[in-house]
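Copied over from Swiss-Prot:
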REGION    128-203  region 'Disordered'
COMPBIAS  156-168  compositional bias 'Basic and acidic residues'
COMPBIAS  189-203  compositional bias 'Low complexity'
REGION    286-320  region 'Disordered'
COMPBIAS  286-295  compositional bias 'Low complexity'
COMPBIAS  307-320  compositional bias 'Low complexity'
SITE      TYR361  site 'Histone H3K4me3 binding'
SITE      MET372  site 'Histone H3K4me3 binding'
BINDING   CYS375, CYS380, CYS402, CYS405  Zn(2+) 2 binding site
SITE      ASP376  site 'Histone H3K4me3 binding'
SITE      TRP384  site 'Histone H3K4me3 binding'
Amino acid sequence: MLYLEDYLEMIEQLPMDLRDRFTEMREMDLQVQNAMDQLEQRVNEFFMNAKKNKPEWREEQMTSIKKDYYKALEDADEKVQLANQIYDLVDRHLRKLDQELAKFKMELEADNAGITEILERRSLELDTPSQPVNNHHAHSHTPVEKRKHNPSSHHGATDHVPEKKFKSEALLSTLTSDASKENTPGRRNNNSSSSSNNAYNTNSSQPLASYNLGSLSSGSGAGAITMAAAQAVQATAQMKEGRRTSSLKASYEAFKNNDFQLGREFSLSRDSTGYSSSALASTLTQTLSSSSTDSRSGRKSKNNNKSSSQQSSSSSSSSSLSSCSSSSALAQELSQQTAVIPESDSNSQVDWTYDPNEPRYCICNQVSYGEMVGCDNQDCPIEWFHYGCVGLTEAPKGKWYCPQCTAAMKRRGSRHK
């Protein structure tokens, strides 16, 4: 799991490279602007003195002005080329980041199926600001903005700590404590239940956040996986919201399209917690659907009876999760109220999806990746093509036209004959 360290090492020089190129671009921009101002002044002087001088002088001045204009145009083109190089540099690093994220998610899924969904859902929950609960009816009319800047005195000293940071620290402390107590199976139930309750009692409106990653696997590598998950949550919590949610949207789209289902691959230690995979899958499905902003009315279902039973089992599981205070009571309630959910195929894998708003290119209608070649036909509807899709292994010499434009040019040539 060295993807993060490798990527950070790769982009270590990126800020300095961008700064140097932006500085160079700014210098070229000023150079072009100064040249245009001088040329404008020379043109005005030329027209003012044109009638007083000989035709030879006018021709000489006109040639000199045109030459300087072409020089300014070349500088402007060079500035545009530099901007394109900067864009390609950043885009290449973004694609590399997407690839490393996909590898990291697959490595986590190989050890614990479904762990990335829980981590990403918790990250979104940390991003979502929750309104502070005010128990006094006398202050119920106070606006939310005012309560944020003027906290009540009855909340104590913890009001000075941001809620998002507090919940992140509580989550990380729970994960690390579960990982350290993995080797004591006799006290696993008590430790997991007590740490879970202590960590998430601060937010009673989210009872489903009290899952224990320490109980995800009972194998010898469970402690390492839990520690890796804790580090992943910590790194994700420290990222900016824009960059963090970009990769999460793809996972939620895959989950909503039934490309990914939690089944028996979600290996829980049944000897310690007694959770059933179907109960946890139904609970996660209900939680994900309730947090999504998309409407359920537009979704198509193949079997209405199965979907209704799943929704009822999810609601009952959610109510039991919020009412139980210990893991043993939670396991007993879930075992009595859950229904059977169709399990996903064990060989199914999560397909890495790109941003749906990213433009598509080439005859394969896919996003930009790898080496691409541009069609020299200005009216080409596709414009950019992958090397492999058009049978290229290196950059073509001279002008290059795509197969569609080549066929169209041949048809036009045959008509003229």
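Just so it is clear, glycine is given a Cβ too, placed from its N, Cα and C backbone atoms.
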CYS405 (Zn(2+) 2 binding site) to ASP376 (site 'Histone H3K4me3 binding') - Cα separation in whole Å: 9
Recorded sites near CYS402 (Zn(2+) 2 binding site), in sequence order, restricted to TYR361, MET372, ASP376, TRP384 and a 10 Å Cα cut-off: ASP376, TRP384
Among TYR361, CYS380, TRP384, which are recorded as recorded positions, the nearest neighbour of MET372 (site 'Histone H3K4me3 binding') by Cα: TRP384
Coarse DSSP state, helix versus strand versus coil, of CYS405 (Zn(2+) 2 binding site): helix
Residue from CYS375, ASP376, CYS380, TRP384 whose C-alpha is spatially nearest that of TYR361 (site 'Histone H3K4me3 binding'), among the recorded positions: TRP384
Inter-residue Cα distance where the pair is TRP384 (site 'Histone H3K4me3 binding') and CYS375 (Zn(2+) 2 binding site), in Å: 6
Densest Cβ neighbourhood among TYR361, TRP384 (recorded sites), 10 Å radius: TYR361
Recorded positions: MET372, CYS402 - member with fewest neighbouring CB atoms within 10 Å: MET372
Secondary structure at TRP384 (site 'Histone H3K4me3 binding'), reduced by DSSP to three states: strand
Sparsest-packed among the binding-site residues, when each Cβ's other Cβ atoms within 10 Å are tallied, from CYS375, CYS405: CYS405
Cβ-centroid neighbourhood (8 Å) of the Zn(2+) 2 site, CYS375, CYS380, CYS402, CYS405 excluded: ASP376, ASN377, ILE382, GLU383, PHE385, TYR401, PRO403, GLN404, THR406
